[in-house]
């Protein structure tokens, strides 16, 4: 039974200790731990049971098209078994058709199982986020390196800098003046959060507001503390996320393409069933006859052999109608799409996501690390000038921790005045951070804010010309890196050597500042302070001017500084004040812990008095900046009809400022109906929520928890939107899993986010999504092209068999030949159509609707027209060979075969009753076709006519592939060389067809013979008109579209 959560954040520390029946100085007893472990279990995430292999295999066959193929294979197998004595075939030759179909299905199943078995790793990645060990108080003794999975609620745990939090815990006491925890991957907050022991006044508050709680998977970056474990295992926030990921995976729906293909498969099944039944039924007279006596049928005669024969024709029709190669061609096209996207830094983990991107209607984006760099940087800073009536502002370029990324605008480090030099000194020395290089990415060690200040110092430079040259040279050569990772910050090092740091006044929540005492080159001590602007300004009595002189901080100057700071804050900048103090009283001569005044530094309550009467130096504005390319990507999405919604865990003002900066909103736009916190949005009724999400324009949801993100994505999907969700944190994982396509960041993204996603951005570049959407749209268009090509070919095959059955002539195509055409000769051109170039205006069209049919009425009409010509030409050449001496000026009887009347060909089944019917042997390549019985002329003797039919079918389909280069544009506008791969594929298909014609044992398997040059000429003459027919249809289609546009 799941325990009701205890709101430890809203209770005092004493009340929490009483609730968990534990003493802070002793911890739990071994006996109590055993009781609680039995009640709460181990502190680990549940391992979801994976699907067994047999279930994965079965799921691969749960597809309409696959089921049709299975049915065709089964019937073909039965018929081959029943008829093998009659046909004289045995072994492999008799079962070629069902074995080939089964081979295709098994191959597809193997690929599907391999993909799926490698897909579900998100929950394992979550486990890696949990701390492996902890320092725990048990039975009055502090146990270091205690296994984290053994923790139970009520345990007393000590945390220090660098520790990974092993469970959700209530902060009981601070062992340092301040405690900060990095929890951006869990909550989306861009800055480390300062924690305290104070209780909150409400039970119902956001995750980010629980400042007296530390959560499993987060990391302590500053300070140390003692905590009480309140939640373990699946009851932690990470555990809740795991459950949400699992629930989201259960809600995964089919991709738009799969829905369309399943719909197409269902219609195809019905059509095949009807046509097969009709073909079989219209030939009933050949296997069922009766006498009519007194107006009533009697004396029924039934021929099982003939019934089976025409049933086999119906099966051949099914084989012809099923595009067996379509699943593999779609898979190949999607795989090619993944390669193209990988070249653009979009790594696709699930093939279907390639096409899903193309119909995306909404992108739900995280802010931190997705729209922004997740790297704090100084955007601008200001100080007073020569007078207290004016400020001077300096803009700073660059958005990363790379010291060489940008510089200070209009800056000359050789002319830095005393005020700017002191600002550089404070930023360099009142600082515990560093920068390291991980591959090509620069990252911060310590607090991101402090790392950004150090990068600013590197951009400011140093006043010493010799040192400046030495630093510049070091940055050029490999010594820029101290080792493989750590970045050498030469300017900061210069300041730290110049002014030795002798004491530190740690940051705390009361005074909101940090101070350091340094020994200046002249031997005197100076206090350097940085902190919250309002707090430092309040404690300052003087202000420094540009020349280094100080003047009293009067009210007018104070208002000037406040006004300038307000202007910076409105841009979404976090403002840090900088100050100093020379008159340190008894600390003026401080040098080490042995100094008499050292006891004052041990008492944090004295820090406020030490940091009073300060001299205000200036203000630094920092931000987590938007990526440079995001603004353009947002505009591209807007033109493409894609809505953008920003869903972030950060605070409302920061989120709105970033959205304005990337021009999701204009600067003067009222955000009353466009910006909400997660809690505010969830408080609305369902109808109000739908109205908000339905409105045009961007939306921003701040302070969003994982459940909020998941609920927004779910609602959008229920509204019929195709949702792409981007993110990089653990908090994004459930929504990434639930979205139609989850997109994770490859560099800054957590493993949890990556494993829950469908696609990973290798460069963390938001604009890569736009490129991927364009590629997805292009792939869909190309898919329509090869589906149109393959289906029109299949329609032609169906019509040819239908005509054969209606006319009563011998079958001109057998199932194994149809399989060869559908799988092999059609495959290369269909695959090559996946390389068709994208339309120029592909990102200026709105996304296609979910309701848009894959095959509309006009496309169906074109299928039927082209298919009819394919069928007529295929059957026509078969009839011509039997009945005509020449055709289109080409002599057909040069091989010596016997001509028959069309009526004889249509009634070939009655051949045994004909009198004086004789046939002559004829040549087929080097082979002489002879007959022991004249009636064999319509079975054994049809090999040449059947070869011509098959060759016409192949040739027409090759020419038809040229028609598929563009849905509406003529070959004059879209010439074949625009896609050279198609020309290569056509050559390959012709080569493969030639192989089965001219390799004897393959010719025997497929029941065909070699053709002469004149016969090939006849094939080409009958096949080429398909291009002219489709050109006429394209012309009509263009006229129809223009008429519709004019009417609109």
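The backbone N, Cα and C atoms fix where each Cβ goes, glycine too.
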Is it true that Swiss-Prot lists residue 603 and residue 940 on the same side of the membrane? yes
In Swiss-Prot, one of 64-84, 127-147, 148-168 is tagged transmembrane segment. Which stretch would that be? 64-84
Pick from 669, 680, 936, 957: which one does Swiss-Prot list with 794, 797, 825, 826 for the same Ca(2+) 1 site? 957
Give the nonlocal contacts of the transmembrane segment (1008-1028) in its own chain as ranges (CB under 8 Å, at least six residues past its ends). 817, 866, 869-870, 873, 876-877, 887-888, 890-892, 894-895, 924-927, 929, 943-944, 946-948, 950-952, 955-956, 958-960, 962-963, 971, 996-998
Going by C-alpha positions, which of the binding-site residues (794, 797, 957) is nearest residue 826 (Ca(2+) 2 binding site)? 957
Remaining residues near the recorded Ca(2+) 1 site, that is with C-beta within 8 Å of the centroid of the site residues 794, 797, 825, 826, 957: 790, 793, 796, 818, 821, 822, 953, 954
With DSSP as the reference, give the number of residues of the topological domain 'Cytoplasmic' (966-981) in helix, strand and coil. 5 helix, 0 strand, 11 coil
Rounded to the nearest angstrom, how far is the Cα of residue 794 (Ca(2+) 1 binding site) from the Cα of residue 822 (Ca(2+) 2 binding site)? 8
Assigned element (helix, strand, coil) containing residue 826 (Ca(2+) 2 binding site), judged by DSSP: coil
Would you count the other CB atoms within 10 A of the CB of residue 797 (Ca(2+) 1 binding site), including those on all shown protein chains? 27
When you measure from the Cβ of residue 826 (Ca(2+) 2 binding site), how many other Cβ atoms are you left with inside 10 Å? 29
